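Per Swiss-Prot, the features are:
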{"type": "REGION", "residues": "1-154", "note": "region 'Domain A (catalytic)'"}
{"type": "BINDING", "residues": "Arg38", "note": "O2 binding site"}
{"type": "BINDING", "residues": "His42, Glu48, His86", "note": "Fe cation binding site"}
{"type": "BINDING", "residues": "Glu48, Arg90, Glu100", "note": "substrate binding site"}
{"type": "REGION", "residues": "155-169", "note": "region 'Linker'"}
{"type": "REGION", "residues": "170-272", "note": "region 'Domain B'"}
Amino acid sequence: MMEWIDENSSLFVPPVCNKLMYGEGQLKIMFVGGPNTRKDYHLEEGEELFFQVKGDMCLKVLEKGKPKDIIIKEGEMFLLPSRFNHSPQRFENTVGLVIERERLPEEIDGLRYFCEDGVTVLWEKFFHCTDLTQIAPVIKEFFESEEHKTGKPSKESSCSINVDTETELMEPFPLKQWLKDNKDSYRSGSMAIFEKGEFKVHAHGSGEQEGHSQGEMWFWQLEGKATVNVDEITRELNKNDVLMITAGSDFRVKREEGSVGLSITVDSLANK
């Protein structure tokens, strides 16, 4: 993974600032750099998982209807629930991992701008998102709008997404420290980091894991070595190697003593 980040480092600066590692299936695995400070807020019906690989970032949100800044430091992980207004602010010489899921056919995304009070919607547009390149034309549309010129909304919000105004967000946490604190619980097995919502994130220790993937499954080998067999094809994973197992695959993973790995899957209907 780190080698891939180095190879694509030219894309983590303006004007691009991001690169998709995996994106053909359910899981959208991308890396994002900066500087990229923005005024727009994104609203989607799925969760987003953040991990800061290099440097810190600020995620602006509306929590219980009030503006809030969440600082995600290098090495920290954070899960943003479904249907939360959020605006990622990224700084120079930083790289972050962001995982989203494929949108269901009936789902829409929203791009919103707020007035100076931070809570009144100035302008918004909703659309079915199949590609993140759709966002740039929407931003352009806002800057050409009367609302941008006057700073005053011209109509009431028409948001059809049931925006979350009740959840108190978790604090970002250092992944390495979590793994250290919970080592006895997954040393020879596995333990859930997240499992109640859409994203199912598990830490795995030494031993074997096998099954049939109903959906996509992304592996990230954090420490030590692992051998992964997918539909009779074998691959060796070393530290920071990653692998996507496609939906409908039979797999078997064997991790050596002292090995630590993460697996990530998604249930798109979990928060419906």
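Glycine too: its Cβ is placed from the backbone N, Cα and C atoms.
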Give me the DSSP three-state residue breakdown of the region 'Domain B' (170-272), ordered helix, strand, coil.
11 helix, 53 strand, 39 coil
Over the span of the region 'Linker' (155-169), count residues by DSSP class, listing helix, strand and coil in order.
0 helix, 0 strand, 15 coil
Cβ distance under 8 Å to Glu100 (substrate binding site), same chain, sequence separation 6 or more: which residues?
Lys28, Met30, Glu44, Gly46, Glu47, Glu48, Leu49
How far is it from His42 (Fe cation binding site) to Arg90 (substrate binding site), counting Cα to Cα, in Å?
15
Which one of the binding-site residues (Arg38, His42, His86, Arg90) has its C-beta surrounded by the most other C-beta atoms within 10 angstroms?
Arg90
Six or more residues out from either end of the region 'Linker' (155-169), which same-chain residues have a Cβ under 8 Å from its Cβ atoms?
43, 45, 61-65, 68, 70, 80-85, 108, 110, 112, 121, 124, 126
So for Glu48 (Fe cation binding site), how many other CB atoms are inside 10 Å of its CB?
22
Other same-chain residues whose Cβ falls within 8 Å of the Cβ centroid of Glu48, Arg90, Glu100, the recorded substrate site, in sequence order:
Met30, Val32, Phe50, Leu80, Pro88, Gly96, Val98, Ile99
Using the Cβ centroid of His42, Glu48, His86 as the reference point for the Fe cation site, which residues of the same chain not in that list have Cβ within 8 Å?
Tyr41, Leu43, Glu44, Leu59, Leu80, Phe84, Asn85, Ser87, Pro88
Using the alpha carbons only, what distance in Å do you get between Arg90 (substrate binding site) and the residue listed as 'O2 binding site' once rounded?
9
